[in-house]
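These notes are about the structure you will find just below.
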Amino acid sequence: MKILVINSGSSSIKYQMYEMPAEKVLAAGIIERIGEKQGHTRHSNVQGNTYSEDKPVAHHQEGFEIIARLLMDKQYGSIQQPEEVFAVSHRVVHGGELFRKTTLIDEAVKQKIKELFPLAPLHNPPNLTGIEVAQKVFFKAKQVAVFDTAFHQSMPEKAYRYAIPHSFYQEHGIRAYGMHGTSHRYVTNQAANYLQKPLEQTSLITLHLGNGCSMAAIRGGKCIDTTMGLSPLAGLMMGSRSGDIDPTVPYFMGTKLGMSFEEIDQLLNKKSGLTGLTGSNDLRDILKMSEGGDTQAQLALDMYTYRIKKYIGAYYAALGRVDALVFTAGVGENSSYVRWHACEGLENMGIRLDREKNECRASKIIELHSGQSPVKVLAIPTNEELEIARQSFELLK
Ligand code: AMP
């Protein structure tokens, strides 16, 4: 069964085509800067033939037509006709409380994704555009939605509610939803397999540390708490997002500094976090700056790792017992510095990293703990596309 996995953003479409259940990647690519003066297309197939072109791509419809053409191309493609694609699986960021699991798309589902626009104004609209265009280009294929929030729908009410009057939740859906669910779910399953423990008996803290960062407390394969909230702004410090902040700060910025809602939103989402403190959102730059004696870069690293450590403590308490910490995504898989400093001082909680084992970049599952560590520490490369393909296959088979 050929499943085309789509991640449709406001100006880009990323895709991977899988042969399932073999989990073989037949083709992958990205179309970037859609709607801008200079677009960019990159594509490769299983034979390793790579196509790259700089040419404007006017809109998502054109983007999908390019993808279909490349998938069927004699040299670069993997199929002869669009009908060979059995399903197109779409990453949809926000499923609110309406979607707890992977769902076959029909008109009613599209309408509900639209109703959720206010909760994810930057993400759900381009996700829906991707669905509508894919329906036209791959008209025979089933369309499936995999929601980033779905994995976190198992949180108990005490974890997801905010302490504000009930009506804000009941009438407007204001609560924590959590994000990166597909990644947290993928590494949870990988970790349970690796630990050779039934999923129902595992107790894990997963740390997705990329440009966006979130952590989750997972008991028996089900999320019981996570750091992101109504939006991806909450929780850990990130590449360009502030993470947790006293809600009075935006109020102060508005009333005392005369900033508009728009400006505050931009500041906290795009100009804060590592970017706000150092000028760069890339941890590699910041590590170099700090090695060169830049005290602001060092402060940013201290804040970044301190906040992760605080949440490890919080989630340990929430879970009561932890089998493993699981580091994943760009920073989690690659940065020995962040892992070391996030876990330093937690030895009495049974978390003991091995300095040498930790000096690695994880291209497969790697153990980072010392022999005597009661809590295992793993680095597991995430694979959200594969998780989306797996869930769609489970639904459709
Ligand atoms: P992601 O969003 O998962 O693609 O992660 C992207 C981030 O991972 C980049 O912004 C970098 O900060 C970080 N990253 C990637 N490679 C490394 C590395 N070797 N060491 C430290 N950080 C890294």
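FYI, residue positions are counted from 1 along the chain as it appears here.
From the backbone N, Cα and C atoms, a Cβ is placed for every residue, glycine too.
Straight from TrEMBL, the features:
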{"type": "ACT_SITE", "residues": "D148", "note": "active site, proton donor/acceptor"}
{"type": "BINDING", "residues": "N7, E384", "note": "Mg(2+) binding site"}
{"type": "BINDING", "residues": "K14, H208, L209, G210, N211, G212, D282, L283, R284, G330, V331, G332, E333, N334", "note": "ATP binding site"}
{"type": "BINDING", "residues": "R91", "note": "substrate binding site"}
{"type": "SITE", "residues": "H180", "note": "site 'Transition state stabilizer'"}
{"type": "SITE", "residues": "R241", "note": "site 'Transition state stabilizer'"}
**Pairwise Cα distance for L209 (ATP binding site)/H180 (site 'Transition state stabilizer') [Å, integer]** = 10
**Message:** So the record assigns K14, H208, L209, G210, N211, G212, D282, L283, R284, G330, V331, G332, E333, N334 to ATP. If I measure every Cα pair among those residues, what is the longest distance in angstrom, as a whole number?
**Reply:** 24
**Message:** Are there recorded positions among N7, D148, H180, R241, E384 that sit within 10 Å of K14 (ATP binding site), Cα to Cα? If so, list them; otherwise say none.
**Reply:** N7
**N211 (ATP binding site): secondary structure state under DSSP, collapsed to three categories** = coil
**Request:** Identify which of the recorded positions R91, R241, R284 has its Cβ surrounded by the largest number of other Cβ atoms within 10 Å, counting every protein chain shown.
**Result:** R241
**Prompt:** Taking just the CA atoms, what is the gap between D282 (ATP binding site) and R241 (site 'Transition state stabilizer') in Å?
**Reply:** 13
**Item:** Inter-residue Cα distance where the pair is E384 (Mg(2+) binding site) and R284 (ATP binding site), in Å
**Value:** 23
**Prompt:** Do any residues at least six apart in sequence from E333 (ATP binding site), in the same chain, have a Cβ closer than 8 Å to its Cβ, and if so which, in order?
**Reply:** F327, R361, A362, A379, I380, P381, T382
**Message:** Rounded to a whole angstrom, what is the C-alpha distance between H180 (site 'Transition state stabilizer') and the residue listed as 'active site, proton donor/acceptor'?
**Reply:** 5
**Request:** Please list, in sequence order, those recorded positions from H180, N211, R284 with the Cβ less than 6 Å from ligand 1.
**Result:** N211, R284
**Request:** Using R241 (site 'Transition state stabilizer') as the reference point, find which of the binding-site residues R91, V331, E384 has the shortest Cα-to-Cα distance to it.
**Result:** V331
**Request:** Look up D282 (ATP binding site) in the DSSP assignment and report helix, strand or coil.
**Result:** coil
